[in-house]
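Data block below; observations after.
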Amino acid sequence: MRGQAAAPGPIWILAPLLLLLLLLGRWARAASGADIGPGTEQCTTLVQGKFFGYFSAAAVFPANASRCSWTLRNPDPRRYTLYMKVAKAPAPCSGPGRVRTYQFDSFLESTRTYLGVESFDEVLRLCDSSAPLAFLQASKQFLQMQRQQPPQDGDLGPQGEFPSSSDDFSVEYLVVGNRNPSHAACQMLCRWLDACLAGSRSSHPCGIMQTPCACLGGDVGDPASSPLVPRGDVCLRDGVAGGPENCLTSLTQDRGGHGSAGGWKLWSLWGECTRDCGGGLQTRTRTCLPTLGVEGGGCEGVLEEGRLCNRKACGPTGRSSSRSQSLRSTDARRREEFGDELQQFGFPSPQTGDPAAEEWSPWSVCSSTCGEGWQTRTRFCVSSSYSTQCSGPLREQRLCNNSAVCPVHGAWDEWSPWSLCSSTCGRGFRDRTRTCRPPQFGGNPCEGPEKQTKFCNIALCPGRAVDGNWNEWSSWSTCSASCSQGRQQRTRECNGPSYGGAECQGHWVETRDCFLQQCPVDGKWQAWASWGSCSVTCGGGSQRRERVCSGPFFGGAACQGPQDEYRQCGAQRCPEPHEICDEDNFGAVVWKETPAGEVAAVRCPRNATGLILRRCELDEEGIAFWEPPTYIRCVSIDYRNIQMMTREHLAKAQRGLPGEGVSEVIQTLLEISQDGTSYSGDLLSTIDVLRNMTEIFRRAYYSPTPGDVQNFVQIISNLLAEENRDKWEEAQLMGPNAKELFRLVEDFVDVIGFRMKDLRDAYQVTDNLVLSIHKLPASGATDISFPMKGWRATGDWAKVPEDRVTVSKSVFSTGLAEADDSSVFVVGTVLYRNLGSFLALQRNTTVLNSKVISVTVKPPPRSLLTPLEIEFAHMYNGTTNQTCILWDETDGPSSSAPPQLGPWSWRGCRTVPLDALRTRCLCDRLSTFAILAQLSADATMDKVTVPSVTLIVGCGVSSLTLLMLVIIYVSVWRYIRSERSVILINFCLSIISSNALILIGQTQTRNKVVCTLVAAFLHFFFLSSFCWVLTEAWQSYMAVTGRLRSRLVRKRFLCLGWGLPALVVAISVGFTKAKGYSTMNYCWLSLEGGLLYAFVGPAAAVVLVNMVIGILVFNKLVSKDGITDKKLKERAGASLWSSCVVLPLLALTWMSAVLAVTDRRSALFQILFAVFDSLEGFVIVMVHCILRREVQDAVKCRVVDRQEEGNGDSGGSFQNGHAQLMTDFEKDVDLACRSVLNKDIAACRTATITGTFKRPSLPEEEKMKLAKGPPPTFNSLPANVSKLHLHGSPRYPGGPLPDFPNHSLTLKKDKAPKSSFIGDGDIFKKLDSELSRAQEKALDTSYVILPTATATLRPKPKEEPKYSINIDQMPQTRLIHLSMAPDASFPTRSPPAREPPGGAPPEVPPVQPPPPPPPPPPPPQQPIPPPPTLEPAPPSLGDTGEPAAHPGPSSGAGAKNENVATLSVSSLERRKSRYAELDFEKIMHTRKRHQDMFQDLNRKLQHAAEKEKEVPGADSKPEKQQTPNKRAWESLRKPHGTPAWVKKELEPLPPSPLELRSVEWEKAGATIPLVGQDIIDLQTEV
């Protein structure tokens, strides 16, 4: 009865716990078996989301699997701890180290690397069967058991399973929360801890280091069957709550049964009621523990008590059960003997029963066989009715003594505290010990371990770096194919490195081929081929594709199914021919035919990546046309490389690695952006790079420096350069990229303000934006104004900023007093110079009329108590309806707002007009602000494609007048050819070119390349016009000072007029790289950056130098000893007056031109330019054409020439019909002579004639040489006389000519160059003596060369000359032979008519004529009489009437013939008659102008002679002999002997200063087309 009543208690307690364990075990088995099976080879089991489970090695690691693992995942290592209990196999492992157990943090699948690996092989020791149980505690993410190598064939049982004696172990796992663990989990964990510590020893420490549960003491028998009975929430030791160690101490003491104190145990649970109804009885008991060492110590009180139960009356059918029980007596049994009878939670209750009771039973045997014990007796109360009760106890106890001495068993003392961990880092050991009190009187020794050991792990060891190491290779997997060729592989894992060690090197997987046997291969369809082309491109067609059957092989089955299939295609409507864009070759790319609405794509150029897109669209008439291609997806290689480098740095920053090289990336991007962007995709790429840089700055990866901040802002400025305008327009096609720019700058201000600790104020001024950053505390903050005092701007556009921003100090208040004391605010203000033109807000009627200003405050305030004040200066005049707008991406579309505003909104800002040029905006939020204005009806800001009418009129009038002047000069160039004329024509060309470029520049503002070229050339021609004015002044100065001598001066004029402007422009373009040449509004130098000084500076210098030269020329004109030549003085005065008038007018013209070009809205500047430009053209024509006397005379002569040509008086012609051309000199002489054709020539004196064409004054040093040297004689004429003409010497004295009536001197031109005429006869000696005696006289003699038109001169028949002068017109030439008949009293000796050998001095002619035959003996010489005295009577030109066809030997000169065409005699007669009454006084006025002509022609002839020297083969051929009937004077060419009057030994003559020296012609290699006729046309004998 007593055992039956006590049994239900423990069963009721254990039933729920056993049920829970059973369910969890089955759940774990089901989860584990879901992923594995006997047939799988690669078996992996992952357990997660479970808190308790069980598995066996045979289920998880099947025998035929090559590599298996079991993994338990911790839900959260910070909140849960994993515990494992392993029941080892009874026999040791056949393969040691086959199964490994470890924990790790994570596993990288790509590299097969375990991170944070910690092995538990040392803790579990699965192959050590000496400890049947092993426990471990894991705190990382994963706990894994993995079989490293498969079992060998000898290890497998008969069914291929693990033998139970080797590797058949079982595992229980438990997941316990670190805080407030569950009661059931703590019960199981405490049992595990108890078993772990019970079996722990030095060789096998306990693997459970600590528990979150408060384990309580209780009866611990078999850990697997004896549940712990909780006694409270904590474990007590000496009255203090402790941990699991205290609980384990109590458990051990209770298990030994030797308590230190006696007394009653707690009451057991109430037993079963004796009756179902009508009142029954329940009882409960308790146990008395005797006090050790106290003799006779017992417990006072009853051992058992009862109470009534089921008091309900029984019904008619009710039954009452009556059972009898005997009361238990108190004994001294040990606790273990009571077993499950020991109950708890009992409460005393009065016994009830019948008044009559039975008698006491006999006393029981003494409870102790030795020493003091207890005896008990009991009685029963017999109930007779329900109203009576038994009085008194039902059981009694008494002490009893036994004479035998009781044995005292050994007892354990308290456990010592746990020792310190044996290792300060890594895995170590802790232990504790206890002392056993020795047994006495044959007692039993102490049971249980004397020492307990467990693992400990305080911290990770920070030792040296540990490199990652590979685990062993797994075995080769089963061949992937059961037959034919297959693959096998094996893998290995890497234990991750620690403390910065190196990664595992090598591959984690290896593969190899395997072949088992040939397999029968069925036929298998290959993949479908791609669909073929549609049968029609539109209107409905079909496509076909097919597949190929591979096989069958080795007896396999054939392929099943169709081999090809069809589908419909091309259902769209066919486009009409006019709806297709034709193939086009545009931008060096061939664009194929594309239907309208589609986009064609081609690869970007080689220097970029991506695609060029071009859309085909329909116009309003439905005709397809190509749109311009877009390069929005093209990114240059340099920008792409920078973008990839930045992304790599950002990836490192996100992983927390140290950063290096960020500053170099920013510097490289700055250098690339300064060179400009090639494509619109470069802009988007740069924004992406800057965005990534901002993210890098935000992290601890890299701290930006002030240089990085400056480079960052400069890069943004480079993006906003004018040359990127068209690329920004393309970039807007992919979305509003302006908001990305605003967001980028805002994030940059935030990052820089808070990442740079030493930052207070920062100003960054660039060409296109100004950035201001202020960092200030909230406490004591004042109003912030932009720009601040002490503005340090360097750019021209930002030196005097017209836009202002005021941020009230109320913005810097957070509303919390504590926060305001420590808060720091960053205020960023950005002023964009030209961003408004990139935002596509400019329309036909509206325009962004201000710069764009962005204001940022970090951290952003909740609201603005005081509005933000922004003052804008208007950019355009003539606008109305100024409206403040702000950038608001969150603002929805408003019905009242125009659709073109986009994210711009006018809500939140109030407009306050200040004046006509300024507007104030009061805004209640922080954003980006600007002003939108309405254009007036007559104004539009669109780019005009044609210049204004005013500019066209001004440039046209000026250019036409100057062009007319150039045409006039060209038409009369042979009359007015001079250096001054050359300078004037160059000056006019520079002005005409400037006017044309001004008009072209007005139409090319959108074409960047053309506009830049126009600006550069306009700069060049503006400067050249100033330089040519300076050149004219310089020429005048050199003329008045007499230094205008050589052709080198002319080259200097060209260098000054064209070279100096070209040098200035080249230097400007080189230094600026063409930046500043052209802007978005005009094709001229930018007004900012200082490039305009490249024009203003040189122009001002030219004006200053011109003034200085003008002053010097003026002083020369007004001084007494200044210019004596009246003509030169007049020219110098005209040049000075021209400079004084033209130069100021030129400066005003170009100044107004610059203003008109740069400000196209101003009509005043355009009108001023038109007036000044037109006036300049008229003034230049007036000064240099209408008022210039030379031009007037030249025009008159030109008109006369045209009239004469119309009348047929052409001045002679060749025999073959070609017109004979006059030289410039002949024409000028003819011009000067025509005005006096019918005058009396009697007044013309010999001195006048000879002094007209005298040689220009020589330099002083040459004059001195001539004065010291011997007087010139006829014996040594200048060599160039025979080559070109007879040119008078200024040093020849002209005395009265002697009367030689019977002698004549005939000079004929020979083809050989540099002929010398040498005479030693008496007549020449006489002439020499006469000339030397008359040297002191002032008259100069000259050789006069008459023009070609002298054939029309009319002779004066009435003139009777004193001297017999015969003028013989030579046939074929215009050479006039003047001969004087000698008197009879003046005998002369005629030299033989033969040519001296050599024909000339050896150093002169380059080609020697053929050797002549032996000459005849010379005739006897006659003495020369003294010459008669010549009176200074004016000679007259007489006409002999017929030419001297056969000059006799008395001619006195060796004549040479020329093989040229014969001139008509009638033409010569007409010219003679025309010059009969010539007034040679008029010829003197043209002498100065013709001096240079003579020099140039002389150089030409000299150069031709040198050419003949260089090519001897061409001139050494003998001339073809002509028949006598064609040439009357052929006999003159017959060779003769050397005459007696020619000196046989010629001494070398010193070069005469009168001889014109040869100067290299402009092009040395050019062939000068001069024939004999051209040379002879210039010679005339006087």
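Glycine residues also receive a Cβ, built from the backbone N, Cα and C atoms like all the rest.
Per Swiss-Prot, Ser863 and Arg1198 occupy opposite sides of the membrane [differing topological domain names]. Here the candidates are Asn877, Asn1302, and Swiss-Prot annotates Asn877 as N-linked glycosylation site. Looking up Asn692, Asn1280 in Swiss-Prot for N-linked glycosylation site, the annotated residue turns out to be Asn692. For the domain 'TSP type-1 4' (467-520), the DSSP-based tally of helix, strand and coil residues reads 0 helix, 19 strand, 35 coil. A distance of 18 Å separates the Cα atom of Cys288 (disulfide bond) from that of Cys370 (disulfide bond). With pairs at least 6 apart in sequence, the transmembrane segment (1167-1187) and the transmembrane segment (949-969) have 3 or more Cβ pairs within the 8 Å limit; the two touch. Each residue of the domain 'TSP type-1 3' (409-462) gets a DSSP state, and the totals for helix, strand and coil are 0 helix, 19 strand, 35 coil. The distance from the Cα of Cys406 (disulfide bond) to the Cα of Cys446 (disulfide bond) comes to 17 Å. Figure note: comparing Cβ neighbours within 10 Å for the disulfide-bonded residues Cys504, Cys519, Cys921, the maximum is reached by Cys921. In sequence order, Met209, Cys421, Ser422, Ser423, Arg427, Gly428, Phe429, Arg430 constitute the residues six or more apart from Cys456 (disulfide bond) in its chain with CB-CB distances below 8 Å. Ranked by CA distance from Cys436 (disulfide bond), the disulfide-bonded residues Cys514, Cys519, Cys616 have Cys514 at the top as the closest. Contact between the transmembrane segment (1094-1114) and the transmembrane segment (1167-1187) does not hold: fewer than three of their C-beta pairs are under 8 Å, each pair 6 or more apart in sequence.
By a simple count of nearby Cβ atoms, those within 10 Å, the most crowded of the disulfide-bonded residues Cys494, Cys923 is Cys494. Counting other C-beta atoms within 10 Å of each candidate's C-beta, the disulfide-bonded residues Cys277, Cys406, Cys446, Cys514, Cys616 are led by Cys616.
On the backbone, the CA of Cys884 (disulfide bond) and the CA of Cys519 (disulfide bond) stand 83 Å apart. The domain 'TSP type-1 3' (409-462) scores a mean pLDDT of 84 in the predicted structure.
Of the recorded residues, Cys616 (disulfide bond) and Cys494 (disulfide bond) place their C-alpha atoms 58 Å from one another.
The transmembrane segment (1053-1073) makes no contact with the transmembrane segment (1137-1157), as judged by fewer than three Cβ pairs under 8 Å among residues 6 or more apart in sequence.
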